[in-house]
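> Here it is, the structure in full.
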Amino acid sequence: MAAQDVLSQTTRLASSSAVLQVLFRAVTFGLNAFTLRYLSRELIGVVNVRLTLLYSTVVFLAREAFRRACLSGSTKRNWTKTINLLWLTVPLGVFWSIFLGLVWLHLLEVPDPSVVPHYQAGVVAFGLSSIIELLGEPFWVLAQAHLFVRLKVIAESLSVVSKCILTVILVVLYPQWGLYIFSLAQLLYVSVLVLCYVTYFVMFLESPEATKKSFPVARMKALLPNWVQDETFVNWKEARLTWSFFKQSFLKQILTEGERYVMTFLNVLNFGDQGVYDIVNNLGSLVARFIFLPIEESFYVFFAKVLERGKHVKEQRQDDVAMAANVLELLLKLVLLIGLTITVFGYAYSQLALDIYGGSMLSSGTGPDLLRCYSLYVLFLAINGVTECFTFALMCKEEVDRYNFVMLALSFTFLCISYFLTQWRGSMGFVLANCFNMGIRIAHSIHYIYGYFRESTHRPLAGLLPSPFLLLVYITSGVVTAFSEVSIC
């Protein structure tokens, strides 16, 4: 596939992903705001921090490394071996689900049953949901590698909306069910998600379009594990790259969810404060999920296809290098503008936003200061997403292995800083620690990008330098919005 075609399809994927995510998430945003009026802070804390951490940890450790390895390089490969490798995520997920489930049940503090009933059932349900979701992993990777523009977003959006609708119904009709409500909703979410992918491929593989596109998989049976006669079961080059990414993903998960691990294992906040923190965290990260994540996932595929992993810039096709550099610079300009806008306006209107969303439960206390701090963190998230997606798409195996040592040191430092900052500033300490974490990761990615393009004429990092006029506009906007909050809100 030509680089220009890849760019076109990647742009469509990112833009349609962002638009559809905004549309469907707007519905769930309203439904979540409604359910907040019926739930206790403690129940929200257990579900959104403790149980969601179990689910995200199992899924991340079981599949993240496989995704990065199997999405690298060309789509012209032995897909039977790649699919075989991807099915290994399921037994790996079973192992992590059982192991971590026992930790969650027997080593962590158990919530008061009178406040948060049915905790054990919730742990089992969220662990099971992670295994169900991994059953759809080969379908997800195949769709992402071939740039199926709307499938991923529609599948995720339908599953999220289904989950929210069931949650609202059960919260209103059976509020005494406690964690049973969220367990059933979580199982419905992953079931709808996997069913969407399976249904799509059943219909697609039977259509003339699959033959017209010379799709590498001809029938559904080929999406199951298959032995290749006189050949190895998996592609060992992909398997070794997967192992390198697995070591990295383990550390990245600690950095990504570090504050939740500190809250869960060190008990620095009670379940009620954890609930408020998670609500503010979700509200503050809306832009990251709506816009930054689709951009990062889509353009990781673009950079991985246009430029060859591990090759020096002079060994690449120069037209492709020029296109990649131009796209990277434009992406950096885009996310910088979005991040600065969120930082300026989010700082001023945090209390108003929380009062509208969750009432006095959120707008009083530490909630507004927490969201103001998070507005700054969004700027770090914006830049880190784009710089890391380029860096990870181009790193060779040896560079990935070296970066793992950097991540190891950063993980330990981040956890220590999180603990001490929460002792000093409460839940705000987590956001400040995340800013530090993202700053270090951005510095590493910028160093890699600068070194990669050093011997070329391209300077994509110029996208991180706003003009003096633009800075003046944002400073003026910050002063005006801060004054309006004091005088009007």
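Quick reminder: no glycine exception, Cβ is built from N, Cα and C everywhere.
Note: TrEMBL annotation is automatic and uncurated.
Copied straight from TrEMBL:
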TRANSMEM  12-31  transmembrane segment
TRANSMEM  43-62  transmembrane segment
TRANSMEM  83-107  transmembrane segment
TRANSMEM  119-141  transmembrane segment
TRANSMEM  153-174  transmembrane segment
TRANSMEM  180-205  transmembrane segment
TRANSMEM  330-354  transmembrane segment
TRANSMEM  374-396  transmembrane segment
TRANSMEM  403-422  transmembrane segment
TRANSMEM  428-450  transmembrane segment
TRANSMEM  462-483  transmembrane segment
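Each of the listed features needs to be described in terms of its position in the shown structure.
Within its own chain, the transmembrane segment (180-205) is flanked in space by residues 47, 51, 55, 118, 121-122, 124-126, 128-130, 132-133, 135-136, 139-140, 142-143, 148, 151, 154-156, 158-160, 162-164, 166-167, 170-171, 174, 215, 217-220, 223, which lie at least six positions past its ends and keep a Cβ under 8 Å from the stretch.
Long-range Cβ contacts of the transmembrane segment (330-354) within its own chain (Cβ-Cβ under 8 Å, at least 6 residues beyond either end) map to 280, 283-284, 287, 291-292, 295, 299, 362-363, 367-369, 371-372, 374-376, 378-383, 385-387, 460-461, 463-464, 466, 470, 474, 477-478, 481-482, 484-485, 489.
Distant neighbours of the transmembrane segment (428-450): 255, 258-259, 262-263, 277, 328, 366, 369-370, 373-374, 376-377, 380-381, 383-384, 387-388, 390-391, 394-395, 403, 406, 410, 414, 417-418, 420-422, 460-461, 464; these residues of the same chain sit at least 6 beyond its ends, with a Cβ under 8 Å from one of its Cβ atoms.
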> Give residue numbers and ranges for long-range contacts of the transmembrane segment (83-107): same chain, 6 or more residues beyond its ends, CB-CB under 8 A.
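Same-chain contacts beyond the flanks: 50-51, 54, 57-59, 61-63, 66, 69-70, 120, 123-124, 127-128, 130-131, 134-135, 137-138, 141-142, 217, 222-226, 233-235, 238-239, 242.
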